[in-house]
Ligand SMILES: *[C@@H]1O[C@H](CO)[C@@H](O)[C@H](O)[C@H]1NC(C)=O
Ligand SMILES: *[C@@H]1O[C@H](CO)[C@@H](O)[C@H](O)[C@H]1NC(C)=O
Ligand SMILES: *[C@@H]1O[C@H](CO)[C@@H](O)[C@H](O)[C@H]1NC(C)=O
Ligand SMILES: *[C@@H]1O[C@H](CO)[C@@H](O)[C@H](O)[C@H]1NC(C)=O
Ligand SMILES: *[C@@H]1O[C@H](CO)[C@@H](O)[C@H](O)[C@H]1NC(C)=O
Ligand SMILES: *[C@@H]1O[C@H](CO)[C@@H](O)[C@H](O)[C@H]1NC(C)=O
């Protein structure tokens, strides 16, 4: 189904600005506001800065000011920007942490709507802009953001909170550039993703991947594309449309949990996610699933031999990670599956494991859940107190 819809939509050009505006205007206010707008609506003031990576991407970082001695960097998942941490409004993690006085910094990785600039490349004109997987997001984007926050706050260490790919990029950085372990006090890993043997990813990926590559579709779900506009048109129709989007797409990917994501919230989600995922990010995830190893990007045997000195890509050396990782796990998570998290736990030398005490707790419930303030935030706040 995903494949058919994608094939029908992705080869079409952007929809007209007129149609796009019309459909956007059907979304509820929280589906239309950006990070700054949402923060203001829920009583928080935002500052923004540019961070330039070693490979010349220009990224936007948002700051909600708190106690400078307690900085936290929040890293979003693969399909979204910093918006993910605020779209639940008054019951979002941003509001809960701001209330406790933490100094909050929100990362937006390369390609997302706030972070589409580069010193030499244009995301619309140059396909080379999209030549990255979660590997580059880890070693360049996350590294640059950590250093930026340390510099701005004059602290020697920060705490990281990462959802899904937002913690996966830490296992990349902390293992490939171990000096970063000294700069991070602890990692709160919401839905921990490294090994992905049990992750529900598109089954027909290699077919779709070849098609996308040949047709130059390196960015999946671009903001103004027909696929996103059709998604907004359908998922914003309360009851029928929203239920369809939940049952046909979101729940199968995340884990079925109608207690945490209700149809009325679907129109807000579709205003923000999924957006702007590089084809190569998905390709790397599928490689990790199929190989059952948490390994570097597979360029093919000949290219691997040149790049890595072996025909198989090496595994990320997780033994290099010394920073404590607090693994927060959902029993019904179909992306960060319990069985995969257990392998991660055994591989990390310094981690502890916490299961959310709700049988149906799934993947997206860690950022979009209706009852996060009851089932998730008390645990997160207790863990943060241990380090701050
Ligand atoms: C999408 O279109 C709107 C106007 O319709 C424009 O303001 C915005 O910059 C476009 N976004 C991207 C990522 O191209
Ligand atoms: C958010 O939206 C407001 C109002 O439309 C705009 O002025 C502001 O520049 C936007 N901020 C970002 C970071 O895109
Ligand atoms: C958010 O909660 C605060 C404090 O409880 C309340 O004053 C405010 O009206 C709420 N904001 C919105 C937009 O619901
Ligand atoms: C993409 O980046 C990789 C690693 O940085 C490089 O080896 C490769 O040649 C690049 N591919 C393209 C098509 O630019
Ligand atoms: C922060 O960065 C500025 C400009 O790059 C540099 O001059 C300064 O020494 C840095 N401060 C700290 C505390 O690292
Ligand atoms: C594990 O993490 C804790 C907290 O970050 C730290 O104090 C401790 O030294 C770490 N242990 C090892 C063996 O690295």
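Placed from the backbone N, Cα and C atoms, the Cβ positions cover glycine too.
Database features (TrEMBL):
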SIGNAL    1-17  signal peptide
DOMAIN    70-199  domain 'AB hydrolase-1'
ACT_SITE  164  active site, nucleophile
ACT_SITE  333  active site, charge relay system
ACT_SITE  363  active site, charge relay system
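Overlay of TrEMBL feature records on the structure.
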{"residue": "164", "record": "active site, nucleophile", "DSSP (3 states)": "coil"}
{"residue": "333", "record": "active site, charge relay system", "DSSP (3 states)": "coil"}
{"residue": "363", "record": "active site, charge relay system", "DSSP (3 states)": "coil"}
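Reported as a whole number, the C-alpha separation between residue 363 (active site, charge relay system) and residue 164 (active site, nucleophile) equals 8 Å.
Here the domain 'AB hydrolase-1' (70-199) is broken down by DSSP into helix, strand and coil counts: 56 helix, 27 strand, 47 coil.
In this view, the residue listed as 'active site, nucleophile' is surrounded by 26 other Cβ atoms within 10 Å of its Cβ, with every protein chain counted.
Counting every protein chain shown, the Cβ of residue 333 (active site, charge relay system) has 28 other Cβ atoms within 10 Å. A gap of 11 Å separates the Cα atoms of residue 333 (active site, charge relay system) and residue 164 (active site, nucleophile). Here the Cβ of residue 363 (active site, charge relay system) has 28 other Cβ atoms within 10 Å, regardless of which shown protein chain they belong to.
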